[in-house]
Each structure stands twice: as C-alpha cells, then as structure tokens.
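Engineer: To start, I am sharing the structure in question, which I have written as structure tokens.
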C-alpha cells in the first residue's frame, strides 16, 4: 500500500479544502452532465462544435472523478492509504482522460480553423463520420499515452518508502519511491508527455495564428464574431495547457508545488470549462432553458 499526502497537511486547512473541493466536484459533475444531456436532446445543437463539446464535458466528468473522490475521502480519515492496484488504476485514469482532453481540445481548434478559414469546404470536411473518427482518434491517442506511462511505472520495483508526496498517484512522485535508478524512465516519461503536450499546443497556436491572419481583411463586425466563437476555446486551452506544461514538460523538484498546480487542472479547470462554455454561449443557455421548461411542463402534465 501507498500513503497519499493531501493538498495540505494542516487539519484546519483540510476542512476548508474538503468543503471547497466537494463543492467544485458536485458543480463539475452535475454541470457537465447537464451539458451532455442538453446537446444529446437538443436538435439545434447538432453542429460539430457541440458534438465535440459533448465529449469534452464527458471527459471532464471522468477526469475529475478519478482524483477528487479519493482526495475528499482522505480529508475525513486518518488512514490515507491506497493499494498498489488502486494506485496504478488511478495513474492510468488520470493520464488517459487528461491526454484525451488534450486531443479533443486540439480537434476543436481544427474545427474552428475549418469553419473560419475554409467555410465553403466546412460541410464536406467536418461530416459526422469525420468528427466521429477524430473523437475515436482522441480516445485511442489517450489510451496509448496512458498505457505507456502506466507500464513504465508498473515495471519499477517498490520496496522502500511508501509515502506518495501527492494527493493522487502520479508518475513523478512514484518515480521518487522506486528502489532503482529512474533517470532513463524519467526522461521517457517527460518525453512522452512533452511530445503530446507540445505537439498539440503547437497545432493549437498555428490554428489560431492562421485564423487571425485570415481575418485581416474582415470588417470589425466579422472580427468580433470570429473572435467571440474562439474566445471560449482559447481560454480553456490556456487554463488546461499552462498547468499541465508546468507539471509534465518542466517537472519541478518541489512536489508540493506540483500538488498545488495539480488541484487546479484536475478539479478547478473542469469546472471552469463548464462555466466558460455555458455562460459565453447563448445557444447552449437557450437549449438548457428549453430542456428545463419541457421537463417542467411534462411534470405538470402528469
């Protein structure tokens, strides 16, 4: 068994963290579940953008559910242990859903590029089949990345210290506990994460540079409309890629800093994704109101 260290070891702070993270987790799961139900049930939200948003919300539900429940439980108990199998399963889940979200955000950027820069070819390029293949490719890419990270850690011998300096099982804290030289494994782990994060980030940046260049000849109204559709996505990308780059591409020797950053991208960012995509999108809010009024109407009819 391993012993997990929470975001804070102060008893008073742990109570505050328990209330806050439980609140964030409930909002994230309930809100993203509402987005999934709204997109599936609404005939108006049948464009590729909402198709990808539906899967992004589903991934956010899974992503936050991998780490938050165990962390919330550990705030209430003294025995903050996790079995080796549970540790490996959590490690796999974090990287699987995290990298899948990275790929889906990249696909959403390509969708914006196609809609703005190639509007005449948009319907032929972004067919339902093409969108489905992109989503499947995101899941497969996430699985391949995660299985590599997981196998690298599983093969390491653990025979000494069992205190994971983190609130969930992650690669860098586990590498420090291995009873062998992990220099080569550490480089492979960083290279694996770095290749995915930096390549996806490069594609994202290039997509938006091309979009901005293509908008030079547009009127101010066209600029505003295009940027308003991209603004939500750019905000989500910054909130997600910034902390992930800090943790996995430029790993810190101070794991307490990584713990603080990890709370942001595993708990807070999935909730912010929900707020950004709903509060800035009139179509989603309108569809939610119609879904709610339809449900209320059916309840009254009974």
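Glycine too: its Cβ is placed from the backbone N, Cα and C atoms.
Because TrEMBL annotations are produced automatically, they should be read as predictions rather than curated entries.
Pulled the feature table from TrEMBL, pasting it below:
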TRANSMEM  12-37  transmembrane segment
DOMAIN    31-277  domain 'G-protein coupled receptors family 1 profile'
TRANSMEM  49-68  transmembrane segment
TRANSMEM  88-110  transmembrane segment
TRANSMEM  131-158  transmembrane segment
TRANSMEM  183-215  transmembrane segment
TRANSMEM  227-249  transmembrane segment
TRANSMEM  261-279  transmembrane segment
Engineer: Do at least three C-beta pairs under 8 angstroms join the transmembrane segment (261-279) to the transmembrane segment (12-37), pairs 6 or more apart in sequence?
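Structural biologist: In this chain the transmembrane segment (261-279) contacts the transmembrane segment (12-37) - 3 or more Cβ pairs sit under 8 Å.
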Engineer: Any chance the transmembrane segment (227-249) and the transmembrane segment (49-68) have 3 or more Cβ pairs under 8 A, given the pairs are 6 or more apart in sequence?
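Structural biologist: No, the transmembrane segment (227-249) and the transmembrane segment (49-68) are not in contact.
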Engineer: Give the nonlocal contacts of the transmembrane segment (49-68) in its own chain as ranges (CB under 8 Å, at least six residues past its ends).
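Structural biologist: The answer is 21, 24-25, 28-29, 32-33, 35-36, 39-40, 90, 93-94, 97-98, 100-101, 104-105, 107-108, 111-112, 115, 128, 131, 134-135, 138, 167-168, 262, 266-267, 270-271, 273-274, 277, 283-284.
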